[in-house]
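Here the structure comes first, spelled out in structure tokens, and everything after it is commentary.
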Amino acid sequence: MAAQTPTDELNKLSLNEAATGNGKTNGPTTATATTGNLNGDNDDSDDDADADGAAPAAGEGAAKKKKKRKPKKKKKAPTEQSDPPRVLISQLFPNKAYPKGEEVEYADENRYRTTNEEKRYLDNMNADFLTDYRHAAEAHRQTRQWAKKNIRPGWTLTDIANGIEDSVRALVGHQGLEEGDAMVAGMGFPTGLSLNHCAAHFTPNAGNKLVLHEDDVMKVDIGVHVNGNIVDSAFTLAFNPRYDPLLEAVKAATNEGVKQAGIDVRVGDIGAAIQEVMESYEVEINGQTHQVKAIRNLNGHNILPYSIHGTKSVPIVKSNDQTKMEEGDVFAIETFGSTGLGVVHEDGEVSHYAKCRDAPKVDLRLSSAKSLLSVINKNFGTLPFCRRYLDRLGQEKYLLGLNNLVANGIVESYPPLWDKKGSYTAQYEHTILLRPNVKEVISRGDDF
């Protein structure tokens, strides 16, 4: 989920502007696990008659043979994921031995961490943390495999969002309909489905009829959490190959950011590396060539428990930010590229909300605001939510109360973010864990 640069900070960025023209801008097939007699054993009970039932003496009536009862066969645990994904991740990995992400050894002055016994010990102390993060990451991978395989032009954005979110909830085993259930595991934030010049923070509200078209470029931003440990990872879908250079530019820039990130690295230096890679690409659309621009007022960010936007940002352009990444940090390295201005602005109907971590204590006079705040506290805490999530909890006529909470600084709203009309934007994102002895790209998969 994108972090936006405050307007007053935008002017502090040190940029190497390039003059450009402004123009218009699979997962494997799986099957439900089979149950029953997998070994092909043939129980021929008639041949296994009891010894006492041997041929009777002459003149005696034939005694009935006793047949052995066939033992009930135990249902075998599923070993494959269904389509759509509905088999619990915990069933596929019954000993909680969830797959690791990509582990990358630290370099230079931090190289010693790989073999240092103290760092290894500290890493082992985080076993529960790693288990939860890998659980969430595997749910994310399997969900996005399904999404990439199945989403096609003609789907409504509402169906896409519901398909993704139903899968996530099924995989972690928490539907989020009982009070507090969504805070155990489930959606880390509403699924972002931002089209074309909309870069981030769009998910359909109730009644939305938007349909995905062949010539659309859609950013798919998915968050999955287990016990508040949020995996934030995004990719872009485009069906017209003319957009491939745009997607390649942003994917390469994200991978460069992941590569540069590490303990004691300054975030401003990461931004410079990201920008250099991204803006080395060009894309031709409708006969006009565009340099791919990094969207300068969108950032990566660190992630805290139950809080998608922490206290640190990772710029995606060169800046003088001297903030260092530290041992134990969790970061979402996300980059956005555009064929437009490379700057976004807020506009349109809001769908994303989140209770502020440092929300003030306010004497709310509006009864609907009071009751809605109670629902938010019990079901989301500081996890982001959207109007559809309130709808599925049975909430009605809540907009007045919701707007009152926003006005009082208790809840923050996140309007959609747009570049200029006619442009196209793309996004890729990974979550990394800066463990004491190794960097783990927790959301890495075979797809990207």
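Even glycines carry a Cβ here, placed using N, Cα and C.
Per TrEMBL, the features are as follows:
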{"type": "BINDING", "residues": "Asp221, Asp232, Glu429", "note": "divalent metal cation 1 binding site"}
{"type": "BINDING", "residues": "Asp232, His301, Glu334, Glu429", "note": "divalent metal cation 2 binding site"}
{"type": "COMPBIAS", "residues": "18-40", "note": "compositional bias 'Low complexity'"}
{"type": "COMPBIAS", "residues": "41-51", "note": "compositional bias 'Acidic residues'"}
{"type": "COMPBIAS", "residues": "52-61", "note": "compositional bias 'Low complexity'"}
{"type": "COMPBIAS", "residues": "64-76", "note": "compositional bias 'Basic residues'"}
{"type": "DOMAIN", "residues": "133-347", "note": "domain 'Peptidase M24'"}
{"type": "REGION", "residues": "1-88", "note": "region 'Disordered'"}
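Rounded to a whole value, the Cα-Cα separation of His301 (divalent metal cation 2 binding site) and Glu429 (divalent metal cation 1 binding site) is 11 Å. Other than the site residues Asp232, His301, Glu334, Glu429, same-chain residues with C-beta atoms no more than 8 angstroms from the centre of those residues' C-beta atoms, the divalent metal cation 2 site, are Met1, Ala2, Ala3, Asp221, Ser233, Ala234, Gly300, Ile303, Phe331, Ala332, Ile333, His430, Thr431.
Model confidence over the domain 'Peptidase M24' (133-347) stands at 98, taken as the mean pLDDT rounded to a whole number. Between the CA atoms of Glu334 (divalent metal cation 2 binding site) and Glu429 (divalent metal cation 1 binding site) there is a gap of 4 Å.
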